[in-house]
Amino acid sequence: MKDIGAAQETRMANAIRALAMDAVEKAKSGHPGMPMGMADVATVLFNRFLTVDPSAPKWPDRDRFVLSAGHGSMLLYAIHHLLGYADMDMDQIRSFRQLGARTAGHPEYGHAEGIEVTTGPLGQGIATAVGMALAERMKNARYGDDLVDHFTYVIAGDGCLMEGISHEAIDMGGHLGLGRLIVLWDDNRITIDGDSGISTSTDQKAPFAASGWHVLACDGHAPEEIAAAIEAARRDPRPSMIACRTVIGYGAPNKQGGHDVHGAPLGAAEIAAARERLGWDHPPFEIPADLYEAWGRIAARGADARAAWETRLQASPLRAAFETAEAADTSALPPAIAAYKARLSAEAPKVATRKASEMALGVVNEALPFAVGGSADLTGSNLTRSKGMVSVAPGAFAGSYIHYGIREHGMAAAMNGIALHGGLRPYGGTFMAFADYCRPSIRLSALMGVPVTYVMTHDSIGLGEDGPTHQPVEHLASLRAIPNLAVIRPADAVETAEAWEIAMTATSTPTLLVLSRQNLPTVRTEHRDENLTARGAYLLRDPGERQVTLIATGSELELALAAADLLAAEGIAAAVVSAPCFELFAAQPADYRATVLGRAPRVGCEAALRQGWDLFLGPQDGFVGMTGFGASAPAPALYQHFNITAEAIVKSAKERI
């Protein structure tokens, strides 16, 4: 593990400090304090323990490194440069925080090789890492130690541990006994406002211990103490937290230990003083050859480990299944869904779309054995568990269903981690009203382009008596506002099946399924192999020369169809458009959109706010929906009370003809 002397290891750490100082100074912005404070911990971790191969950055059995304290991004960029990642040359370091550079202010997944997750919103990294560590154990249970046997390491700061999401993650990681998860806490006792004591008195080690973690402490500037703590953590069957007592901005003689060094350049004079204090006499952005060689040995060790793993993979009888899962090969799903849709159109079941989702999951999970489901303690309501799914439990990771507990935010972040890890395809459910508890992680799913599926049930006043605390009103508009998120609100069992096909075959877009509690009739009774939901919106009823176009989503589509019948009885030709996914419709060619929407006046209908309907409706068009919060009553009474009815659609249509 350790193959160089202590003095050289210190110089390796000082190379990180120098690059962090210089890059932040050149950018005139950034966070030098954390990289300088945690350089010793990170150097020991990479030099003696962590296994990665920069020449094969996606190697499945690499160790995962998550910089939860993402503001300290120069720590990660400096390490990747020193390790020899091909896309992290010195020009990238010089271009820190500049437009078009891979070295963004906070690490962004996909911008550079080896960045495992986008971090920056504090706490997201540690919670995502729980998902990664869980994925490692689940895959290990499927494929064995020869193919899956690695650690997930996290560097987290005080801010990460103060954020509420970290408590959900700590609880979940400890409960499941994720022994391959090691959190290195940057215990510098500094926040942006000052000493951490001005805002917290918590012994940060205590919550970890209470949740079943193995808790250690070390001097974060004493390499042998750091190494001993990591070694002990690796041996323990529990997840581990190591409190690394550090000095923020270590090496800057006049600023270290203070909050001013957290998020601002040191300045030329302080950098010169730091160079003298550290014994670093090299010009800015210059690393001596022997240090490149020392860091290169780490990369070479990783390459050897990867080559040995490749040999084991070639000889493994599980190779085909492993490679199919790693490639996320979903080719078996579309034909299975097409055949299933034909049965649905013939049988025309009247079921809630949450029930239709459960039915579709029977097809999905049979076609895709690497799909893994779960719910935030609402399995019986979300209906996210299909027949035959086995629960994941502490020490028993061979199953495919995860009980996330009442931890919506932690669930969403963990699903990001499972998806980022690779080899598994996660989905998880909660009530639509609680999407707000998941929102920061949903936003990161979209920002990273990670194909996670969020199952949101009880989608409107249609849930009835639970009342306005549980009735989504503004949620559809706010979720549709997130770029690169496909929000799909299907109207029947056929559209629900199509929505699942879209979600599970997506490669760079998360999907959020919006599902009803109340039963809905099948409106797609004529089978089409084509996935019409993938169009975003389509003509469900075309009367030819239309006088008005009625547009609806989800449970309100049956109201639009009823309104069209009422209008037809009066000799008024109304087209009906089903619009399950605004984002997919916006991506269609302009001529298709024009054909679907037509030139006649339009009326939209959705049991939610009108906000976000500009794609379909102009100021002159009508909308039948909600204008405020809901109420507690049976669903039919609520639809009447809030005037979301076929008659209201007819009235709005006639006013515009």
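In case you wondered, yes, glycine gets a Cβ from its N, Cα and C as well.
Quick look at what Swiss-Prot annotates:
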{"type": "ACT_SITE", "residues": "Glu408", "note": "active site, proton donor"}
{"type": "BINDING", "residues": "His31, His262, Arg354, Ser381, His458, Asp466, Arg517", "note": "substrate binding site"}
{"type": "BINDING", "residues": "His71, Gly120, Pro121, Leu122, Gly159, Asn188, His262, Phe434", "note": "thiamine diphosphate binding site"}
{"type": "BINDING", "residues": "Asp158, Asn188, Ile190", "note": "Mg(2+) binding site"}
{"type": "SITE", "residues": "His31", "note": "site 'Important for catalytic activity'"}
{"type": "SITE", "residues": "His262", "note": "site 'Important for catalytic activity'"}
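Features per Swiss-Prot, on structure.
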| residue | record | Cβ neighbours (10 Å) |
| --- | --- | --- |
| His31 | substrate binding site | 25 |
| Gly120 | thiamine diphosphate binding site | 19 |
| Pro121 | thiamine diphosphate binding site | 19 |
| Asp158 | Mg(2+) binding site | 21 |
| Gly159 | thiamine diphosphate binding site | 18 |
| Asn188 | thiamine diphosphate binding site | 27 |
| His262 | substrate binding site | 22 |
| Glu408 | active site, proton donor | 27 |
| Phe434 | thiamine diphosphate binding site | 20 |
| Arg517 | substrate binding site | 22 |
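The Cβ of His71 (thiamine diphosphate binding site) lies under 8 Å from the Cβ of His31, Met34, Gly105, His106, Gly120, Gly263, each of which sits 6+ residues away along the same chain.
Per Cα geometry, Phe434 is the residue among the recorded positions Pro121, Asp158, Glu408, Phe434 nearest to Arg354 (substrate binding site). Note on proximity: of the recorded positions Asp158, Ser381, Glu408, the one nearest Leu122 (thiamine diphosphate binding site) is Asp158, by Cα distance. Taking a C-beta cut-off of under 8 angstroms and a sequence separation of 6 or more, Asp466 (substrate binding site) has the following same-chain neighbours: His458, Ser632. On the backbone, the CA of Ser381 (substrate binding site) and the CA of Phe434 (thiamine diphosphate binding site) stand 13 Å apart. Rounded to a whole number, the C-alpha distance linking Ile190 (Mg(2+) binding site) with Gly159 (thiamine diphosphate binding site) is 9 angstrom. The Cβ of Arg354 has fewer other Cβ atoms within 10 Å than any other of the binding-site residues Arg354, His458.
With respect to their backbone Cα atoms, the residue listed as 'active site, proton donor' and Phe434 (thiamine diphosphate binding site) stand 7 Å from each other. Of the recorded residues, Arg517 (substrate binding site) and Phe434 (thiamine diphosphate binding site) place their C-alpha atoms 15 Å from one another.
Among the residues the record lists as binding thiamine diphosphate, namely His71, Gly120, Pro121, Leu122, Gly159, Asn188, His262, Phe434, the two farthest apart have Cα atoms separated by 35 Å. It is 27 Å from the Cα atom of Asp158 (Mg(2+) binding site) to that of Phe434 (thiamine diphosphate binding site). Counting neighbouring Cβ atoms within 10 Å of each of the binding-site residues (Leu122, Ile190), the lowest count belongs to Leu122. Straight-line distance linking the Cα atoms of Asn188 (thiamine diphosphate binding site) and His262 (substrate binding site), rounded to a whole number, equals 11 Å.
Its Cβ taken as reference, Ser381 (substrate binding site) is surrounded by 16 other Cβ atoms within 10 Å in the chains shown.
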